[in-house]
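> For reference, the structure I am asking about is given below.
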Amino acid sequence: KLHSDLDKGVGTVKYTLSGDGAGTVFTIDETTGDIHAIRSLDREEKPFYTLRAQAVDVDTKKPLEPESEFIIKVQDINDNEPKFLDGPYVASVPEMSPVGAYVLQVKATDADDPTYGNSARVVYSILQGQPYFSIDPKTGVIRTALPNMDREVKEQYQVLIQAKDMGGQLGGLAGTTTVNITLTDVNDNPPRFPKSIFHLKVPETSHVGSAIGRIRAVDPDFGKNAEIEYNIVPGDGGNLFDITTDEYTQEGVIKLKKPLDFETKKAYTFKVEASNLHLDHRFHSVGPFKDTATVKINVLDMDEPPVFSKPMYTMEVYEDTPVGTIIGAVTAQDLDAGSSSVRYFIDWKNDVDSYFTIDATEGTIATNELLDRESTAQYNFSIIASKVSNPLLTSKVNVIINVLDVNEFPPEISVPYETSVCENAKPGQVIQTITAADKDLSPAGQRFSFKLSSEASNKPNFTVHDYRNNTAGIETRRNGYSRRQQELYFLPVVIEDSSYPVQSSTNTLTIRVCRCDSDGTIQSCNVEAIFLPVGLSTGALVAILLCIVILLVIVVLYVALRRQKKKDTLMTSKEDIRDNVIHYDDEGGGEEDTQAFDIGALRNPKAIEDNQMRRDIKPDTLRFPRHRPPAEDNTDIRDFINQRLQENDVDPSAPPYDSLATYAYEGNGSVAESLSSIDSLTTEADQDYDYLSDWGPRFKILADMFGEEESYNPDKVT
């Protein structure tokens, strides 16, 4: 209710209402100011409304007071029941779980105001599912209530859960949901055979590896907890059979490991053990998780084909054996109880089989044609045996016949050899290793022997060394061979075998003499090499000789031109002072005489006038070889000589390079005769200077110099 102090009750004041729900949810009496709700209110839809009210003058329409705002709050009542928004629920728990094992937590929601009264206070309870499960009334957690719940007894449980507000008091609203609980499997049950003995009947003709029967142990568990492994307990008959597990049916499949024979053994007994693959240690105390059963197998008699005494027959026969000769026999018999006669015949496949025949009753094999080992060394064919009582039952065996050799052919050298011997060969040198071959089939241990023929054994050229392993070596018997004397040698070698009768043959080896180096490597074996040791043709030798003659002519011409040039040099004009030869007949004073000859006459006047460097040309003179003793490497002496050499090169007063001093014949009275060597036909290397020591003290230095030179002469042999 709204009221203004300015309202005197005379109808001059009018009340207005605006805001949330004005005119739709709420209305106001304009005269009295009473506010009324015109429809039902839902707190869960809108918990409060904000409105504005004002009092205005009826006549002037002006507000008498400022606009006022107020809130209308909707008070909650318990009009909503709890609801399970996630239901229905599905849960699982392992079987054999202890009491109180957690299963699931459920939750209910109440839309009422939780802050006002107990309208939203929810309490949980179980309406259906006791005494197996329990629920916490406040949290809604579901747990197991009974121990050792067995999945094999009951697997599915449906539990009805109730949630009630008002704290579960009378008058409260309630909601329900369903929880489907499944007990999951654990391996708490061992496999068990439904019976202790299994009987199987197996035909004796069953193939090895085939399945001959099935047995099964029952395990009430599920999935991998029900997987079973079967094993045959070692004992009577167990080694003939094997057992595996069918992964789809968990059955034990018995298979045959070895063939059965009714006539040998008619029944087998063994034990089979079944056990779980995946064990749970929590249930070991229950007992062993395995079971044992006995399997009895009865072998059924079947009509079988004949059986040969051997899986394969091998026979031998000599070649050229007369037709009709028996070389062996095969044997087959019917092992069934009513033993039947057997008939034999050859399984004809090609013409080779026609070389032999077989007796249909006795099974003896004989030759039908003459055999030749060199044509066919081995025959391979099949023989079939059938029962007279049932010709359709047959068996087959393979027969191999080896044709033995009769020694018909002599041994021969296996391959043609190209044998050669070096001219510089030494005695006992192996120049070739030979082997032999025999067209006959050599039996085990046969050996070939090698030797020279009687006419060649007396010759001193070559010999044969038998190594006694079917090989032999050709060895030299002398020191050196000459191609000029004999280029080819023919060596007859006799080869014998060890069969009976002994066969032998004479084989001729051709041995060629070749030129070799010092290491024994062959350089040439042809005929031209005998006359041309360097391997050159006649035309090449003629060309080489012609070139040598031309070179000799060029050398002779060059020497002649050099001598002519020297002669012209000595006869040049006397106007050129450098070319003058000064002759004097007086004997000088030796090394101590410095006044006997005026050296100024030999100077170059032009070089003196121009004061220039010397431009003398050193003449090309004929030099005779002289052998000097090797000088020791002395750095000080070498530097001193180089310094003096440079000083004389720039000194204009030094003698010119091309000055020639000629010492003429001194006369008959001189003990030394002529000292000139210009016309001498001998070189210094041919002279003997020992006589210089006899000339007195003046020639002592010269005698010491040449005597010292001779002592260092490397060409002189003492």
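Yeah, the Cβs are placed from backbone N, Cα and C, and that goes for glycine too.
OK, TrEMBL features for this one:
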DOMAIN    4-84  domain 'Cadherin'
DOMAIN    85-193  domain 'Cadherin'
DOMAIN    194-308  domain 'Cadherin'
DOMAIN    309-413  domain 'Cadherin'
DOMAIN    413-531  domain 'Cadherin'
TRANSMEM  530-561  transmembrane segment
> Calculate the per-residue pLDDT averaged over the domain 'Cadherin' (413-531) and state the result as an integer.
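Averaged over the domain 'Cadherin' (413-531), per-residue pLDDT gives 84.
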> Taking helix as H, G and I and strand as E and B in DSSP, count the residues of the domain 'Cadherin' (4-84) in helix, strand and coil.
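Tallied per class, the domain 'Cadherin' (4-84) gives 0 helix, 32 strand, 49 coil.
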> Going by DSSP assignments with H, G and I as helix and E and B as strand, what are the residue counts for the domain 'Cadherin' (309-413)?
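Final tally across the stretch: 5 helix, 48 strand, 52 coil.
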> Per DSSP, what is the residue tally for the domain 'Cadherin' (194-308) in helix, strand and coil?
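Result for the domain 'Cadherin' (194-308), in helix, strand, coil order: 13 helix, 54 strand, 48 coil.
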